[in-house]
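All remarks here apply to the structure that follows.
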Amino acid sequence: MIVGLLHRLSEKLPSVVHRLSVMMKPQVVFVLGGPGAGKGTQCAKIVENYSYTHLSAGDLLREERSRTGSEFGQLIDNYIKEGKIVPVEITINLLKKAMEQTMKADEKKFRFLIDGFPRNQDNLQGWNTVMDGKADVKFVLFFDCSNEVCIDRCLERGKSSGRTDDNRESLEKRIQTYLQSTRPIIEQYEKQGKVRKIDASRSVDEVRLLLAHFIKLIFELVFDAVLHYIELILLCFIN
């Protein structure tokens, strides 16, 4: 009887794995911090070593701004130059599309680091409205860094990045927008016990070592979600 059950399991395993990946909702970690806090740098290092896809809200907006024929290109450009937050409908649609395309191309890629979002209450409400039941937000990874360090890093980056917003005037506006709009979102998640804070003023390598603990936590949370779906799928074997 046991041998027969094992044989049935081995036969159905490929289809079970496929159905599991299809059923999985995107597993999301929001990555927040001031401009120049190192979010993109550290997300890239996580992607190098773990099965995560890094989606930068800012990069997606800049790509859309540069895309030939984009109906939102000029609007996005104006918001970015003024250091303002782009309308939530545009940002969420870009994020949703990017996640769907990633999971369609590779069904095993359902873990996402979303960098630079949500940046204000409107962003958060928009996400909850559009993505309710469609994505599982695990927690917020908060890169805590002083304003001066952030500005100095961005000015240095601006020497080679080619970004139009890496100048002191735009940076001061972006810092104010971050303090007034994004920090309250981080504080809101903190009250829910869903913030993991990193001292981002340290060197790149030091921050990478600090992140190792949180990467382990991310995988534990995702593994719990996978087990939940496995339990549901294993019910198929009863028939």
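Backbone N, Cα and C atoms are what each Cβ position is placed from, and that goes for glycine too.
As annotated by TrEMBL, ATP binding site applies to GLY36, ALA37, GLY38, LYS39, GLY40, THR41, ARG157, ARG202.
Non-local contacts of GLY116 (ribonucleoside 5'-phosphate binding site) by the CB criterion (under 8 A, 6+ apart in sequence, same chain) comprise VAL31, LEU32, LYS39, SER56, ALA57, GLY58. Per TrEMBL, the feature ribonucleoside 5'-phosphate binding site maps to ARG62, LYS84, ILE85, VAL86, GLY116, PHE117, PRO118, ARG119, ARG163, ARG174.
Annotation source TrEMBL lists CMP binding site at ASN123. Contacts of ASN123 (CMP binding site) defined by a Cβ separation under 8 A and a same-chain sequence distance of 6+ are given as ILE85, VAL88, THR91, ILE92, PHE117, ILE185, in order along the sequence.
Packing against the region 'NMPbind' (56-86) from elsewhere in the chain are residues 39-40, 43, 94-95, 98, 114-117, 119-120, 122-123, 163-165, 170-174, 176-177, 181: each is 6 or more residues past its ends and has a CB under 8 Å from a CB in it. The region 'NMPbind' annotation in TrEMBL covers 56-86.
For the region 'LID' (156-166), the predicted model reports an average pLDDT of 83. Residues or ranges marked as region 'LID' in TrEMBL: 156-166.
When the binding-site residues GLY36, GLY40 are compared by the number of other C-beta atoms lying within 10 angstroms of their own C-beta, GLY40 comes out lowest. Among GLY36, ALA37, GLY38, LYS39, GLY40, THR41, ARG157, ARG202, the residues given in the record as binding ATP, the maximal Cα to Cα distance rounds to 17 Å. The most densely surrounded of the binding-site residues LYS39, ARG163, ARG202 is LYS39 (count of other Cβ atoms within 10 A of its Cβ).
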